[in-house]
Every structure is written in C-alpha cells, then in structure tokens.
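According to TrEMBL, the protein has these features:
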- B:23, B:24, B:25, B:26, B:27, B:28, B:29, B:30, B:69, B:125, B:126, B:127, B:128: GTP binding site (BINDING)
- B:30, B:47: Mg(2+) binding site (BINDING)
C-alpha cells in the first residue's frame, strides 16, 4: 500500500512536470516554426530577383528595343563603313535582347512573350532590309571565265620551248652519227645508202630544194622546209615533219608525225599510223617512188611492205569521231604524182 | 561485311600502286608499256588519248597509265596526276633536238603539287639506237642532279629489246613500297 501511495505521488509530481515540459516544447516548436517560416520567406525573397518582374522586363525590353531602332534609323544615308559598323552593333544588341527574352520566358505571360517576340522579329527584319539596301550583296552568277582563256594561258608553257630551244643540239660526242642538211636554197641534194644507213637524218631550213635520200635511215627529222621535194628510202622508226610548207614528201616509215605543216603532199607508206597536229592542207597518197635498191632498204628497215596505213591519219586537233578532219585529205587518184624524175 | 572482309580489302588496296608514264611524243611510252606486258610492239601508233594497263608484278598490282605526249595532249596530263605513286618519265635518248623541251616539261611537272609525293623514274629509252645519248648525258641534259623534291633514278633502257625495263620498274616498286607500305 505504502508503495502504491508513493507511486501515485510520484506520478502526480511527474504529471505536473510533464505538463510544464509539453508547454515548453510547444513553445519551442512554435518558435522554430516561426523562424523556419521567416527563413523560408527570406530565402524566397533572396531568390526572387527584382528583374523577375514583368514590369521590369517590359521597361528594359522597350528601352533596348528603342535603342536598336535608333541605331538602325541612323543608318539611312550614312557612309558605307559607318553603316557596316552600326549594323554590326545593332545585330549584337538584338542578339542580346533575344537572350534576355529567352531568360525571362519563365515568368512572362503568354501575351507578353508573344509581344516581345514580334518586336524582335520586326527589329531583325528592318536590320536585314537596311543591310540589303546599303550593302547589296553580289548577286550569284557563274563567272565568265571561259574555257578559251584557260586554254590560252596553258599553251605558252608548252609552246616556248618548241620555238626557242628546239634548234639546240645537245651532246656533241655522237654528232657524227647524225647526217644533216641545213640552210640551203635552190640546190639538189643526194645521199647514198652508205651515208645514211641506220642514222638519224636531219633536214632544216631548206628552200626550193630537191632532196633524194637513197637508203634506210633510223629516223628522219624535217623542220622549216619550204617549197621542196623530199624523197627518202624506208625509215625504220619515225619521221618528224615540223614547219613545212608547199612541199612534196615521199617516205616509207613506221610512224609519221606531222606538226605545223601547211599545203604539203605526202606520198606515204606507214606501217602504224600517221598523225597531224596543228596542220592545215596536208594531202596524202600512197608511196609510189621507187629506186633500184628500194627492196633491200625495205628489208634493212624492217618495215612490212604489205602493211600500209597511209590513209588512216589521226588529227590531234580534231577529236570528233565520225566527222573527217578538215586539216587533211586524200589526193584524188587522177591528181597523184607519178613521175619522180629529177 | 565482316571485319575480316574489310581487313582483306584494305590489304589488297595496300598492294596496289598507280604509275603514271609521261614524256614527249615518240619517247616510247606505249612501247615500254606493251613490252613490259609482253605484247607486240611493232604496230604501235602515236597515242591519241591514253592507255591503261593493270598488271601483277612481284605481288603488286600495278595500274600503269600511259598518256599521249603530243603537244596538244600535254595540257591534259594534269588530269592524271591524282594519287600517283610513281612517275615514269620516258626520254627518247636519240632525240637531241628536243632534249631542252624534255627538260622543261619534266621540271614543270615536278612543281606539281599533286605529284609531290611521287617517286620519279627516268627511262633513257632507245639505247639500242646507234645515235642514242648515254644515260649520263641525259642525266646532265635534264639537270636531274638538281632535283631535290623527289626520289629519282635514271635507267638506260630499250623498249624494243626490253633491256633494263624490269630493272627500272623494280627500282620504282622498291622505292614506293619502302615509302608507303608497312613491311610485312
């Protein structure tokens, strides 16, 4: 019993103190809540910047817009460089304004947003208009750089060496191997088989000459020939004709390469092909000249007597297949030369 | 396409070389090409345009481009420069008259940017002719010793007899291979 009484007293005592404590705790909690609310309010206030207000936005935006418009209007009638500069500045400002609008989207109403976007659009349009007016862009067009000018610029590199350097003969040691006629007028030139056998024969700067080469040279070069009659035995490789005019040639060879030649008749036996380049009025007929040792010379040259492509001429300046080149033709049979007497 | 297929293709590509053969007209470019390929060389005509041959040699696949050398065709040479591994310059050793032309054409080629990486092989062709200049004389006439921009080599040869053609091409292959292929 005693123990019970004591217990109840004790409970009473504690009961009182518990009530006190609760009171106190409630108080504390209330205070904390108040403080918390205060803190939150403060935090909220610190977060919400002054700019986050539509009035602030509107005023700033309008001011900026006005300044850009002013910049743009100052462009009319100004100097080209000034206009360029001002436009540059206006563009930068417009871009900044656009960014400002983008940053403010969160707190703007739909209406404000649309109005601002319209204003920006207008600014961009008018700046583009001014740019177009003051600094017209070059209209795009293909430039008139024709192929013709291209071609004109290319050849000189190639042409010059032919004109200047081609007469230079390099390498003296083997000179004796070359048989040469040059700078002659109105003469009759004859070479026999021993003179030209397997040699390179060179004929240059001949005028009104008659040339007979009996025998089989290795190659034959003819340059600057005018009004001549040149007959030659079988040439085992190529014949070069360059700068030849008003002449008659008769040659068997493996290849004939004709350049810069005009009004010349060629009585030809060619086992591969003849070509013309930069020529005009070159006339071809089959080779008909004959002399006593021709057969032997054919054997020496190694040319095939049964293969003659004299009428198959490639014109390097006439690449149109199907249409014949106007630069060469075949001599009609009736007009061919048959008498080769000196 | 599996990874192995891709690797195989790359490997095949790696063994391919593109050789460009140029030179004045009548130098013997087509004859060299045909002789090297074992074809008949007696009926060759001046090249109107170009010839291309693909042949296998020492396990390499060689794409050889032979472009006509006539004056009117030289302006087209540039169309063939792209991705050339080796340039073969063919000289008619007996054509003394045009050695200067030959030198000028070669030196202007060597300035080409698209040929900058290419190895240069000079064939002093027609050595079988009695009037032919020696390869030393050609080397001097073409001023080859002044070339610092390209690996080069001059070889005297005869396209008609086939002499030294192989030696020249072998040198070219070795030089290109050492430069662009990783040795297996």
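Any Cβ shown, glycine's included, is placed from N, Cα and C.
Within the set of binding-site residues (B:29, B:126), the lowest number of other Cβ atoms found within 10 Å of a Cβ is recorded at B:126. Counting every protein chain shown, the Cβ of residue B:128 (GTP binding site) has 15 other Cβ atoms within 10 Å.
Spanning the listed GTP site, residues B:23, B:24, B:25, B:26, B:27, B:28, B:29, B:30, B:69, B:125, B:126, B:127, B:128 have a farthest Cα to Cα distance of 21 Å.
Proximity to chain A (Cβ-Cβ under 8 A) holds for B:25 out of the binding-site residues B:23, B:25, B:27, B:29, B:30, B:128. Residues near residue B:23 (GTP binding site) in space but far in sequence (CB under 8 A, at least 6 apart, same chain), listed by position: B:29, B:69, B:89, B:90, B:91, B:92, B:102, B:123.
Non-local contacts of residue B:27 (GTP binding site) by the CB criterion (under 8 A, 6+ apart in sequence, same chain) comprise B:69, B:90, B:91, B:92, B:95, B:125.
Least packed by the Cβ count within 10 Å, out of the binding-site residues B:30, B:47, is B:47. The DSSP secondary structure for residue B:126 (GTP binding site) is coil. A helical conformation is recorded for residue B:30 (Mg(2+) binding site) in the three-state DSSP classification.
Cα of residue B:128 (GTP binding site) to Cα of residue B:47 (Mg(2+) binding site): a span of 22 Å. Rounded to the nearest whole angstrom, the C-alpha distance between residue B:47 (Mg(2+) binding site) and residue B:25 (GTP binding site) is 8. Counting every protein chain shown, 25 other Cβ atoms lie within 10 Å of the Cβ of residue B:25 (GTP binding site).
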